[in-house]
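Some notes on the structure that comes next.
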Amino acid sequence: MDKEYVGFAALPNQLHRKSVKKGFDFTLMVAGESGLGKSTLINSLFLTNLYEDRQVPDASARTTQTLTIERRGVEIEEGGIKVKLTLVDTPGFGDSVDCSDCWLPVVRFIEEQFEQYLRDESGLNRKNIQDSRVHCCLYFISPFGRGLRPLDVAFLRAVHEKVNIIPVIGKADALLPRETQVLKQKIRDQLKEEEINIYQFPECDSDEDEEFKKQNEEMKENIPFAVVGSSEVVREGTRPVRGRRYSWGTVEVENPHHCDFLNLRRMLVQTHLQDLKEVTHDLLYEGYRARCLQSLARPGARDRASRSKLSRQSATEIPLPMLPLADTEKLIREKDEELRRMQEMLEKMQAQMQQSQAQGEQSDVL
């Protein structure tokens, strides 16, 4: 063995083994009006069937249906790597005759996950915190309109500072290639005009692989992704492909010339899953946490009457109360006690070190 070799080069292997053993968690939200192929696309993306037991309401029932939040989980294993996927669905979004404030349950749900994580993170037992925060939201846009509708804009404005948004055009096989490009540009212009932040692809380092740089640029340019989903396998010539057959031909789900399905799956799974989680924690969650601390620091914010007033305000205007007052004071006392014990322990260690040093100096003199 080389005498100059210490062994730090093996550190990535340690991290790899630890990550593989622990597995990965990822929470994905899908939102958008009914009939845009959300369920089919999710099943196509992850090669699973998350909607076996779903009952689809008829058209008359949809007009009175209110938005609900459904959470489904599945463990996917591939090549020894386990991913615990949690899918958050929003059936009923935009289906009611009156869609006023229909996005508020989604906003509350996202903030509740932040609040729960904050509680767990502030507790004494922080070893096994379950991360239920929403890491990404696929927002489906209709291919039949002329861009974003007022409801789309209102929803995206309400959540764009709370979750990574990936806009997708559902059922893109309804459009010609030229129509797809026009609609994409229209949506990009509207997002910029309305100052709506969507997920920003990180800039590649100069030493990144050239193939990865090329893929990253291609994914950036394809936003919003025009997608088609299908669980059906059809034959195109002699090849079995997943796609949809029409009288005029076959749309192949995994053909990059037909739609952006491959780019979307590559981004979500192969290249940017970890970055989506890091942005959620470092930027979106920290922003929520800062707003909570600011709301507690305001004069009178800890007064019960004031807290009651704040809780009645729209979830889009102010963060949810972080903790009940009694719980907050208890947590502060526990933290103070923990800090006091740590300070005492540190002082004892310093005293012991000084005593040992003094004894060592005395023995040297002798």
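Heads up, the Cβ atoms here are built off N, Cα and C, so glycines get one too.
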16-23, 32-39 - the range that Swiss-Prot marks as region 'G1 motif':
32-39
Phosphoserine according to Swiss-Prot, picked from Ser60, Ser122, Ser206:
Ser206
Quick one: which of 89-92, 229-232, 237-240 does Swiss-Prot have down as region 'G3 motif'?
89-92
May I ask you to indicate which of 170-173, 286-289, 326-329 is given in Swiss-Prot as region 'G4 motif'?
170-173
For the feature region 'Disordered' as recorded in Swiss-Prot, pick the matching range from 67-86, 347-366.
347-366
Please report how many Å separate the Cα atom of Asp173 (GTP binding site) from that of Ser247 (phosphoserine), as a whole number.
13
Which one is it: of the modified residues Ser206, Ser247, Thr250, whose Cα lies the shortest distance from the Cα of Gly32 (GTP binding site)?
Thr250
10 Å Cβ neighbour count around Thr250 (phosphothreonine)?
16
In the structure shown, with every protein chain counted, which of the binding-site residues Gly35, Gly92 has the densest set of Cβ atoms within 10 angstroms of its Cβ?
Gly92
What's the number of neighbouring CB atoms sitting within 10 A of the CB on Ser206 (phosphoserine)?
6
For a three-state summary based on DSSP, what are the helix, strand and coil counts in the region 'G1 motif' (32-39)?
2 helix, 0 strand, 6 coil
Enter the number of other CB atoms within 10 angstroms of the CB of Leu176 (GTP binding site).
8
